[in-house]
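Q: Before we start, here is the structure in question, set down as structure tokens.
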């Protein structure tokens, strides 16, 4: 390209150009021709145009061609221009200026400079923006001249600028706009990522989405690790193939790198070992197993060649030697630990065998008793009452006996599984009851059901509805008590007395025959009759003397029924007024008199923890009544038991075989049924505390 004059001469004929300038109206916007602004610069004058992408930053002004052409606007455009008004900016070609002068074009000097500057800006904008060029040409020339200008542009091939740093030519078309899409040559090419992982053959990557070739799985996270996770979860055989291929590649790379010593160096630092070592060893084991089974794997050839070239056989021998040494050290350590554990156990057993206690009288007595028990022969085993014996003894119906015998362990008679109960059902009352669903218990003789599965409640049911079965249960209880060593009956007197009072029995009333609608009158026991008769006789006389030993006042006898309610007192005294008082014999009439006589003895009273000076009486409820207080004794049960233990300890100190005497145990049980004879250790401790 030449200067601006040559450009005008090449684009327009001289006559047309002069006529267009002379015939232009006052409304032509000259500012639309000038594109000089603070944001505009020559395409080759700054470093902003060194890259091809910088040419897309220019945008056409939205207000071009809108302002009117006037001298004020021309002057304003001259003043606002950032170019120097000196003649240095003018073209040095004087030939074209002479041509203009020869053709008689008379213009002002300032207007001439404006025209030259316009042509220079036109040349620059022609290379930068096609849209601005079209706007300027459409505003400056008529349609005829615009067509001619386009024809001249087609014939002239402009010289393309060259980007100096890159050496790439600028875009060939000067008509590219900012809105148009950039060309392929102008955008830098993105380096394609290498996909060397063997997982990629199982996936297709389309538009940044990886799709599995075997199922409908797709993901935008196009990474080999995620794809391997999919194969591991849904295509296990392919996943194993990928892992084996990865291991082969890693092993080959590791061996070719010359770092084979790190592969089998057990003592080396783990951080320096490659992360795929464990996986490689697993692959080697798999390949070895395949070779033993007669299967040939294509990776075996690679391994054999690598081992032959790099001499891994020696490394394997070293590894085996190190492993054997490590195993020997581990076995030796395990043997030492076992020996230490055995020694500790022996020491603990020896310490547990030696009793650690002080040498005092209580401990010596306990040791003596322990030695005697070991020297005495063991008593013969007492036969236990089994369920079969009870069932055979009692007369059950055939169907009930069959259900009881056929019921498996953990189920009821109906075969329903039952949860394991904590309580042992050794009481004979359970022969008449069976387990039902929902932890219920049912009677085998009727439709009675209850959730309170306790032997006492079940006995009350038998007592109220099945008298014969209740008597059998009481008989079996007595037999079991004797066989288990619980000598003597229970509190039979109190039980019979309570049953008699609640039943409303009368001493003089004979028992009536049973009827279907009314229950029978309970039979009066002989012991209860004697107690009632003696109580009536004492109430008639103010003082009753028995063998001159114990004096019981009338006031004390009046309080014997203080523990009973009014209804129970009336029930107990029914028919007593017509009873004749029997003459007392030399022998005691009942057990209570015998007990009171025994209490008079000083040694026995001290044994029972009671004083001899204070008279003692017992009411119908079994409560001890003192004559002075006329109320039940308020002594603490624990204190009484301690006093009894001390007295028994003194007797045991005089005769050490006292506790093993069966008659002495029966005697103590008769005196105090509620008192339990303590062990030898407790008696020895009580004896030491006394002294």
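Every residue, even glycine, has its Cβ placed from backbone N, Cα and C.
A quick note: this is a predicted structure, and the numbers were derived from the prediction, not measured.
According to Swiss-Prot, the protein has these features:
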type     : residues           : note
REGION   : 18-97              : region 'Disordered'
COMPBIAS : 31-46              : compositional bias 'Low complexity'
COMPBIAS : 47-57              : compositional bias 'Basic and acidic residues'
COMPBIAS : 58-79              : compositional bias 'Polar residues'
COMPBIAS : 171-183            : compositional bias 'Low complexity'
REGION   : 171-195            : region 'Disordered'
ZN_FING  : 194-242            : zinc finger
BINDING  : 212, 215, 230, 235 : Zn(2+) 1 binding site
ZN_FING  : 424-473            : zinc finger
BINDING  : 443, 446, 461, 466 : Zn(2+) 2 binding site
Q: Name them in sequence order: residues not among 443, 446, 461, 466 whose Cβ is within 8 Å of the mean position of the Cβ atoms defining the Zn(2+) 2 site.
A: 432, 444, 445, 448, 462, 465, 469
Q: In the same chain, which residues outside the set 212, 215, 230, 235 have their CB within 8 A of the centroid of the CB atoms that define the Zn(2+) 1 site?
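A: These residues sit around the Zn(2+) 1 site: 202, 213, 214, 217, 231, 234, 238.
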Q: Could you give the Cα-Cα distance between residue 212 (Zn(2+) 1 binding site) and residue 461 (Zn(2+) 2 binding site), in whole Å?
A: 78
Q: List only the single closest residue to residue 215 (Zn(2+) 1 binding site), chosen from the binding-site residues 443, 446, 461 by CA-CA distance.
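A: Closest by Cα distance to residue 215 (Zn(2+) 1 binding site) among the binding-site residues 443, 446, 461: 443.
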Q: Give me the CA-CA distance between residue 230 (Zn(2+) 1 binding site) and residue 461 (Zn(2+) 2 binding site), in Å, as a whole number.
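A: So the alpha carbons of residue 230 (Zn(2+) 1 binding site) and residue 461 (Zn(2+) 2 binding site) sit roughly 72 Å from each other.
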Q: Taking 10 A as the limit, how many CB atoms besides its own sit near the CB of residue 446 (Zn(2+) 2 binding site)?
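A: Around the Cβ of residue 446 (Zn(2+) 2 binding site), 11 other Cβ atoms lie within 10 Å.
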Q: Judged by the number of other CB atoms within 10 angstroms, which among 230, 466 is the least packed of the binding-site residues?
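A: Output over binding-site residues 230, 466: least Cβ neighbours within 10 Å is 466.
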Q: Taking only the Cα atoms, work out how far residue 443 (Zn(2+) 2 binding site) lies from residue 235 (Zn(2+) 1 binding site), in Å, as a whole number.
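A: Residue 443 (Zn(2+) 2 binding site) and residue 235 (Zn(2+) 1 binding site) have their Cα atoms 65 Å apart.
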Q: Using DSSP and collapsing to three states, where does residue 215 (Zn(2+) 1 binding site) fall: helix, strand or coil?
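A: Note: residue 215 (Zn(2+) 1 binding site) is coil by DSSP, not helix or strand.
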Q: Let's see if you can do this one: DSSP helix, strand and coil counts over the zinc finger (424-473), in that order.
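A: The composition, in the requested order, is 26 helix, 8 strand, 16 coil.
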Q: Among all the protein chains here, how many other CB atoms are within 10 A of the CB of residue 215 (Zn(2+) 1 binding site)?
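A: Other Cβ atoms within 10 Å of residue 215 (Zn(2+) 1 binding site): 10.
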Q: From the Cα of residue 466 (Zn(2+) 2 binding site) across to the Cα of residue 235 (Zn(2+) 1 binding site), what is the distance in angstrom?
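A: With distance taken Cα to Cα, residue 466 (Zn(2+) 2 binding site) is 75 Å from residue 235 (Zn(2+) 1 binding site).
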Q: Can you tell me how many other Cβ atoms are located within 10 Å of the Cβ belonging to residue 235 (Zn(2+) 1 binding site)?
A: 18
Q: For residue 443 (Zn(2+) 2 binding site), just count the other CB atoms lying within 10 A of its CB, please.
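A: Residue 443 (Zn(2+) 2 binding site): 18 neighbouring Cβ atoms within 10 Å.
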